[in-house]
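A.B. asks: Take a look at this one; I'll ask things after.
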Amino acid sequence: MNFSPLPNRVIDAPKHLKTRMIQVRSSYFGYSLVIRPTSIFVGAPRAQSTLESQGSINETGAVYRCPLASGSCSHYVLNDKLNKQFQWLGGSMDGGTKDTDKLLVCAPRFFVPKNKNYGQMRGICYWVRDTVADTPPLSDVRTISLIPSQAEEHFMLELGLSAHVTDDNSGFLIGAPGVRSWKGSVLVHRGEDLAAQGSYAVKMLDSWDWVKNHFTYVGYALSSGYFSSNNRTSLLYVTTAPSSVLNTGKAYIFDVVGEIVRKLHVFHGEQLGEYFGYSVVAEDLNGDGLTDVVVSAPLNALGDSYDVGAIYVFINKGLFKFEKKIIRLPLSSGARFGSSLSKVGDINHDGYNDLAVGAPFAGNGAVFIFLGSEHGLRDEPSQRLDAPSREPGPYGAHMFGQGLSRGSDIDGNGFNDLAIGAPGAEAVYLYRAYPVVKIHATVRSESRAIRPEQETITVTACYRLETTSKARQMQQQELTFRMTIDELLQRVSFAPMRTNEVSFQAQAGLSGSCRNFSVGVHYTGGIFTPIDLELHYELAKKIPHSHEAFCESCAVVDPLEPKYATGTLSFMTGCAAHVCVSDLQLSSKDVNSSFIFGSLEVLSFSYEITNSGEPAYVAQFNVTSSARLPFAKVPGNCRVRHEVMLCDLNGGRALARGDSESLTIIFDVTQLSGQSLTIEAAVSSAGMDQNPKDNTMSTTISLREYAEIDASGGPIDGHIALKEYPYSAEVNNSYEFKSHGPSIIDELTVYVDVPIAYTVTGSAGIKSIFNISSLQMQATHGSELVPIKLYDQTNTLAKEYPLEDSSRRANRKRRELQQDQYAIMPDVNISDILTKENLPANRTLVLDCLRGNWTICVRSQMRVQLKPEQPIDLRISFKVDLNDFVNTFDYLVIFTNVEMFKEGDSTSIALKRNLKPNVIFNYSETPLPIWYIILSLIAGHLLLGAMTYILYKLRFFKRGKKEELKRLLEEHRSETKEPATDCEGNQEEINVEMHSDLEN
């Protein structure tokens, strides 16, 4: 928006510095940038060294300090020893914008050979406390490396692929995405860690238990901010893992407690292979004091175009809830929008921080400036800065925008400037920012109505400037105006030229100025149509769009600010006096006194305006809300500015006696919050009103949350049988808490009570069924882990899930939950369980936290923002020890109870439970007596013999078919003659064979 359209200084890679090795390809001068008040630090990761000690080492990489005044760069030496071939020094670099801030520089490809065949790409980093001196004494340079490891999973550490210095200068982060077979990790250095002198090796955090897969690249990009709405001074960290979850990518907000890494929130990419997490920036974009997150995905595809790029904007709504918006631009394939991100501060001084986004392969490269706003980052860029040259250089594409500095005011005009690196062109471009001014202008007449005999009227144009710049020349600017009046009907005109348009220039300052114009009235026909006035304005002096020097006296105006002002006048007639006295009455109908969040996306109000007096000229209706709600629909006769709707009644014509008009105003309530909403409406006209009290109406609506919630679940493994000593078992339960809306319940407290012991009847003894140390709980809401606090039977905090430093949880008590603070729907009774499961009442022990006075329970507490149809999944496991139980009872029934509570509102929740209990029973096997077996064998043999005899008597074993065939054969022989002698042998053989067949 207010950056110079062309660079004001170009800093080229230093050619005057002598190197022994020839530079055969681009040094990537400008790959990383850190801007300071008088100089720019430039990383050139493929540069040849100027040091004699490294004269034979190829492409060590270098960092240069380039004074802003001369642009003549010098080698900023951080180390002059060891073999640093192809180490990519300057591949990542970060630091604040003051010379007293730390400077962190890394060489992620620093290689340590082990033998002739292999080595370790460990990476190495250097940091200095400040850059006050032109060159740092090498003794003041701290070197950071990792503790060597021979494990293969640590051969490609790439320490320093990303580097980040916190905004408060208290510490820094270094990414190592190659650790543990490319699972990745982050090195966190805080104030207490920065006292070491010289070189030192550090241990990488290993407690990233929630990173399960290899090749996720945790630590690829880094940032930090203040994300917690409960503790706005707690600095938390952000890292990305662009290869997580089937290459859709993730980003994490995390904290470090001791050596434990706590995951607090996860952001997800959407598109396969988009490289979500290539860059990340944490910045408060909407001015609410909570840090928001922007994550880039430069390989995001748009339609048939590949690698166009996108940025994901996550606006922090508190309680680690973020509102997501994806910004894409209509760029060509391969532009890689989002390859670099940089926070440039509030460049236009509107109270919201802004962002620079690089697309280094959009032609020779481009940088887009996005402005912050009350609702976060604006959808469209306010400015596009293209590479100064469109022709490819000797090393190919310029990659303009690959390197971006932070925003810093280097010229003292109060507005942040920006440095942009083009490593393919080996150049850095400096863009200075112009001051921003705001023009306030109005146009009005001495009276809002023209009397019948009136021949002239006076129109006044007023104007002034508003700016945060302290420069006197910025507080006084020449403005160009163009004013029009009644261009269509030409009933009036500016005197004496008798024209409907007049132009003039005027000097505007911080205090208001006005200019009067005489307007002649020529025609009184068409008196029911109002006269329109428009005043167009702009700065007279334009910023140069050429390679001229920076214009020190120029300013810019936000392009989204109004460029003209309007006014209306009307003809007054049909009234008893010069001023019409109307009687406008405003009423509403069908207004509900309460509203449930989420029940509707829009809220409608119907108004009726009636005039019972003289004609009302220039009758207008305006409406706004206490929450400054946006309007879902704007009628054609209405316009909106700053969440106030102004409507011209009766099409701009006079509203006569007895006339009425109805309007329906529709508000968008998707973002509505609070306890009440007030709608202010009013009507007015050019004349006076008999009863001004009925011209306004204030409607207050109470707001409340309401949700119907189902709590269901129970044992995963069903009933558990204890067969033998030691009578212990693992109990695993799964529960789901699902809201059916309609409202989102903010800060819902969920209590889960689990029986842990019981008191013995008739004594003071207590028997435990499991040890609290074996109790494990994990709750997820969406993809996020929900923090759980576990209180023991004395109401003392015993555990927190995920586990955290025990020193932080000592002696904290839970708040007691009163029975009338929640609504419970009918639940299952203990007697129903005994009947349904057919359990003997005298041999069954039922433990129920809600009903049994003998039951001792532990209570867990969760606080979440519960959205409709986004359930909480809770897993509970514990190991029961019932060695003492089996001698007293055969069955144990354990009821896990759930209660929910919304502080300050006892009617916002309707809880329906369907929770199945755990049933555990003692299963014993009694050995079978030997005489049972003997009697069974004897009885079996007797039964078999009896059945065989019966079948024999029934001729079951008689072969009747065989006897019949034999008889038929004998009859056949007796009826035929004997065969001849020479055939006798054969005949006998045949008979024998036939007989054999019959036998068979």
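Yeah, the Cβs are placed from backbone N, Cα and C, and that goes for glycine too.
Heads up, here are the entries from Swiss-Prot:
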type: CARBOHYD; residues: N58; note: N-linked glycosylation site
type: CARBOHYD; residues: N231; note: N-linked glycosylation site
type: CARBOHYD; residues: N516; note: N-linked glycosylation site
type: CARBOHYD; residues: N592; note: N-linked glycosylation site
type: CARBOHYD; residues: N622; note: N-linked glycosylation site
type: CARBOHYD; residues: N732; note: N-linked glycosylation site
type: CARBOHYD; residues: N771; note: N-linked glycosylation site
type: CARBOHYD; residues: N829; note: N-linked glycosylation site
type: CARBOHYD; residues: N842; note: N-linked glycosylation site
type: CARBOHYD; residues: N853; note: N-linked glycosylation site
type: CARBOHYD; residues: N922; note: N-linked glycosylation site
type: REPEAT; residues: 75-137; note: repeat 'FG-GAP 2'
type: REPEAT; residues: 199-261; note: repeat 'FG-GAP 4'
type: REPEAT; residues: 262-323; note: repeat 'FG-GAP 5'
type: TRANSMEM; residues: 930-950; note: transmembrane segment
A.B. asks: By CA-CA distance, flag whichever of N58, N732, N771 among the glycosylation sites is nearest to N853 (N-linked glycosylation site).
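C.D. replies: Checked the glycosylation sites N58, N732, N771; minimum Cα distance to N853 (N-linked glycosylation site) goes to N771.
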A.B. asks: Neighbour count first, Cβ atoms within 10 Å, every protein chain included; then name which of N58, N231, N853 tops the list of glycosylation sites.
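C.D. replies: Answer returned by the neighbour count: N58.
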A.B. asks: In whole Å, note down how far the CA of N231 (N-linked glycosylation site) lies from the CA of N58 (N-linked glycosylation site).
C.D. replies: 49
A.B. asks: State the Cα to Cα distance, in Å, between N922 (N-linked glycosylation site) and N771 (N-linked glycosylation site), rounded to an integer.
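C.D. replies: With distance taken Cα to Cα, N771 (N-linked glycosylation site) is 20 Å from N922 (N-linked glycosylation site).
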A.B. asks: Quick one: Cα separation, N516 (N-linked glycosylation site) versus N592 (N-linked glycosylation site), in Å?
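C.D. replies: N592 (N-linked glycosylation site) has its Cα 49 Å from the Cα of N516 (N-linked glycosylation site).
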A.B. asks: Which residue among the glycosylation sites N771, N922 has the fewest other Cβ atoms within 10 Å of its Cβ, if you could check?
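C.D. replies: If we count Cβ atoms within 10 Å for the glycosylation sites N771, N922, the smallest count is at N771.
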A.B. asks: Count up the helix, strand and coil residues in the repeat 'FG-GAP 5' (262-323) according to DSSP, in that order.
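C.D. replies: The composition, in the requested order, is 0 helix, 29 strand, 33 coil.
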A.B. asks: Which residues does N592 (N-linked glycosylation site) neighbour through Cβ under 8 Å, counting only same-chain ones at least six apart?
C.D. replies: I701
A.B. asks: Roughly how many angstrom lie between the C-alpha atoms of N771 (N-linked glycosylation site) and N231 (N-linked glycosylation site)?
C.D. replies: 34
A.B. asks: DSSP-wise, what's the residue breakdown of the repeat 'FG-GAP 2' (75-137) into helix, strand and coil?
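C.D. replies: DSSP classes over the repeat 'FG-GAP 2' (75-137) add up to 0 helix, 22 strand, 41 coil.
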A.B. asks: Fewest other CB within 10 angstroms, which one of the glycosylation sites N516, N622, N732?
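C.D. replies: Sparsest of the glycosylation sites N516, N622, N732 by Cβ contacts within 10 Å: N516.
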A.B. asks: To the nearest Å, how far is the Cα of N231 (N-linked glycosylation site) from the Cα of N622 (N-linked glycosylation site)?
C.D. replies: 41
A.B. asks: For the C-alpha pair, I'd like the distance in angstrom between N732 (N-linked glycosylation site) and N622 (N-linked glycosylation site), rounded off.
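C.D. replies: Given the Cα positions, N732 (N-linked glycosylation site) is 61 Å from N622 (N-linked glycosylation site).
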